[in-house]
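Only one structure is covered here, and it is reproduced in the block below.
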């Protein structure tokens, strides 16, 4: 019945809306990689509107009707529409040069994606014979939009048995019935509706539970009792060294020769953990620990009981729906024009091969002859690019590994070289670990470099705060003191460095 292949320029056959807000520029352009032309959305972040009047009005009431067209999202689709509108005759109150989102349509069909929206719309505008109002009925749970940049063909088949089929690339994605609950709202209204004039009585109580008015707080309920109290039964561990501090001045540290008290301030030796505390359960002032207060109960509240005045959740009474009607089949409005009215943040959207047919085989033949060869060619090109990219990735990985092996030969890595080589061997066997391996190697190199620059200064361990000492903490302290003894000159130098810098800057 209708076929638009866009083989020739669209001017004269399609009318671009003259409405000011629709400033997007339409172009007659080739699909990328093909000699086949289509109607192109050429600019980003624009509103577009264009319409074509049909030579003959298409009825949707007589047998099967197939709506089909191709779309290629050459730059992808992050936020925008790529759907068609099938418009009612102009007697409905519109003219082509003023085509807009207000123009009355019968069906809206096609991809739409933005934010949480990702679906192939099918919207039917159906007239309520009682109210005369046209209501949009949206297909529930529609298929999602293909996420690639290939040409796809979208098909909607309206069957005389009130059945709707949505196909993508000839594959059925959705089946629905116009007279079932597959649409929101349903085409057939509910027989009854809540009475809009019915109001909830003032005495109506919807509170299911209330606090027991007869309940009283027990006499022994102490609301102000603290959650924790001092454990009066706690006993100081035997051997606790009350007079020993947790940290002492490093007895082996010496004041740097260039330290001047008048300029640098009084020199203080760096701190180390008190060796006398290693074998003892603890040092310093001992305090009794806290424990949970058995008398603590918190704020008292009366228990909840069933509300004797509870009447349930109020609902207005139902009345017969004045707009209810029975329906054996939808009262489809005819199609007199095809329009594209979209807003999109993407360019490169290409429409092609728009068809309205009364035979599913006709639409299938166009899919085989017009769409499938293009799709197959695009698919092959995509596969070739994926293989090439994979090859480039392998080449890049080899280059990275060669560079990392050279890095592993840097003399200053010393004993850490074996760790680097081990990481490289694991990453070569499992290429997906290459990123983690690179990061790990960088960390090792930076660590060695910083140790080389700063003379291996070690961070002082945090002060112990517990009642008892942990064996591994003591071991760490011992290790730190050993390092401090072996590198006391470096530590003294580090301790004096900030003060010397401040003095010289002054």
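The backbone N, Cα and C atoms fix where each Cβ goes, and this holds for glycine too.
Because TrEMBL annotations are produced automatically, they should be read as predictions rather than curated entries.
Source: prediction; values computed, not measured.
The Cβ of residue 114 (disulfide bond) has 14 neighbouring Cβ atoms from other residues within 10 Å, across all protein chains displayed. For 79-114, the entry in TrEMBL reads disulfide bond.
Here TrEMBL flags 181-221 (among others) as region 'Disordered'. When Cβ-Cβ distances below 8 Å are used as the criterion, the region 'Disordered' (181-221) is approached by residues 124, 126, 128, 135, 137-140, 164, 297, 300-307, 309-321, 323-327, 330 of the same chain, each at least six residues removed from its ends.
What TrEMBL lists as compositional bias 'Basic and acidic residues' is 196-219.
TrEMBL lists 236-259 (among others) with the feature region 'Disordered'.
Per TrEMBL, compositional bias 'Acidic residues' is recorded for 240-251.
The transmembrane segment annotation in TrEMBL covers 433-454.
The feature region 'Disordered' is assigned by TrEMBL to 463-506 (among others).
Residue counts for the compositional bias 'Acidic residues' (240-251) under DSSP, split into helix (H, G, I), strand (E, B) and coil, are 0 helix, 4 strand, 8 coil. Of all the Cβ atoms in the protein chains shown, 14 others lie within 10 Å of the Cβ of residue 79 (disulfide bond).
According to DSSP, the secondary structure content of the region 'Disordered' (181-221) in residues is 0 helix, 9 strand, 32 coil.
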